Amino acid sequence: MAAAMIWWPRFLLLLCLTCKGSTFYVPGVAPINFHQNDPVEIKAVKLTSSRTQLPYEYYSLPFCQPNKITYKAENLGEVLRGDRIVNTPFQVLMNSEKKCEVLCGQSNKPVILTVEQSRLVAERITEEYYVHLIADNLPVATRLELYSSNRDSDDKKKEKDVQFEHGYRLGFTDVNKIYLHNHLSFILYYHREDTEEDQEHTYRVVRFEVIPQSIRLEDLKIDEKSSCTLPEGANSLPQEIDPTKENQLYFTYSVHWEESDIKWASRWDTYLTMSDVQIHWFSIINSVVVVFFLSGILSMIIIRTLRKDIANYNKEDDIEDTMEESGWKLVHGDVFRPPQYPMILSSLLGSGIQLFCMILIVIFVAMLGMLSPSSRGALMTTACFLFMFMGVFGGFSAGRLYRTLKGHRWKKGAFCTATLYPGVVFGICFVLNCFIWGKHSSGAVPFPTMVALLCMWFGISLPLVYLGYYFGFRKQPYDNPVRTNQIPRQIPEQRWYMNRFVGILMAGILPFGAMFIELFFIFSAIWENQFYYLFGFLFLVFIILVVSCSQISIVMVYFQLCAEDYRWWWRNFLVSGGSAFYVLVYAIFYFVNKLDIVEFIPSLLYFGYTTLMVLSFWLLTGTIGFYAAYMFVRKIYAAVKID
């Protein structure tokens, strides 16, 4: 115990330093050096909106197109995210300014949007879509300057807080009129690399910003060389899009370069730095204090009570007298009686082990910086493949538990483990994907990708689950310290607070309270297209979640056994996952208060994916709590003498 108390502060200090550290690039992600006037390619990623949750590819709208459209080959994670990276006609040269350039169209021949195109553009603007571009793999950002008064200052001066919004707004609405951002002012920052005296300077792109503007056709002056002159001052009017008729306009852009002290290795800090890091720290510290405080209280109560009970049981010569006044020892002959549906229980727990291993490895690897944000889709790709390969551990744990519960049909149990949870996930995703297909969104998983996922499931995960299940079933089952009686003991009438649903509500509060702040930022990253890269904090929260789930599970199973109810297997699994109920409640609260979703399909997508999240979280926390309780029950019954 003393060694553990010495080890914990060192562990927390290491994690704090990891949380504080900046993002770094893993080997193999090399910087690109540009020379003067080298082309810097601007690519489009997708269009996104937090109101619809339906991404679209860039050319789903009538933007100017290059002579040849070329889509980048994407990994699994990029496809699942809805990214469709494609080239654009923007001509940008390293450290070369452009005042104003026409993207497409001529001086006497502007771009004409048909009625259908105008209606589509107007619809996307009213749905608050953002356009996402990249230059040298850096996403474009819009600078936001927020002003707040300084309370500590006597003159109440305004302080400027600079934040960055990912992407740029497609347009805006004002007094029931719709306006399109048809001029983009690109601001690219470069870092000059040190070179020898006789060598030419090289440059690296370290930031990519844009200032979107809406400029009316009549206010732009276009010459024969496709150059343009922007209107001066505030005399110009924005470019209106009337969805009921054809619209004429120009798409234009300008390029400005600025030298920066930002080094290439830290260029992502602009996008990943959050102004609310203190909130994370306060949340972590509060959770750690609460968990340690409750750990002390629960440990004192349970350990002192158990020591007293075990000492009394081991001293008593008359077992019958002991049984008349005892609690949890009364059910020693039934506590390890196999529950109903042992195959389903072991299958769910096997999937929970699979999830636990996958999440632990992903968070740990990401915390070390090995899943760089520059590697788009790497996080999701890694998670998918890890879940497949962790099937061997899930199968092994499920097979051994199934044999411990007196199961005999191991082949059927292995198939159930390999298909039950993944089948539910695939079924829900397939139904949602049909709706996304119907909206022609890039978020729809293409048919070849779906076939590839099925091949991964049945070609990698299922055989590995069978392999692990085979060895787990052949291994010696868990050694239960007491024998099970042939005739089940009658269970006395339980008090109201021992009700299963009440237990779920009580047990879920502590784990959810330890993580709900971090849950807010995760929801913001998922549903509001924000970056999330504070995996050091997330790893801390995950450790706290594991500890709190284990504690609550042990306490709940102890009180259940004291009430002489030995049916703890399923109940403990359900109660330990009680925090998933609070995650569902929080998801509903977030939907009502944070998101502006009113249409059916976006709402269906939100609650469909939320269902998957809650189900996965229930499996994860239920598995953690179950194995903690199982170890506890075996420990306490091994400590007493049973005749």
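For all residues, glycine too, the Cβ spot is worked out from N, Cα and C.
The model shown is predicted, which means the values in this text are computed figures rather than measured ones.
According to Swiss-Prot, Leu330 and Ala638 sit on the same side of the membrane. Within the same chain, the transmembrane segment (348-368) packs against the transmembrane segment (600-620): three or more Cβ pairs sit under 8 Å, each pair at least 6 residues apart. The largest share of C-beta pairs under 8 angstroms with the transmembrane segment (600-620) comes from 572-592, of the ranges 378-398, 451-471, 503-523, 537-557, 572-592.
No contact links the transmembrane segment (283-303) to the transmembrane segment (572-592), because fewer than 3 Cβ pairs that are 6 or more residues apart lie under 8 A. In the predicted model, the topological domain 'Cytoplasmic' (399-417) has a mean pLDDT of 93.
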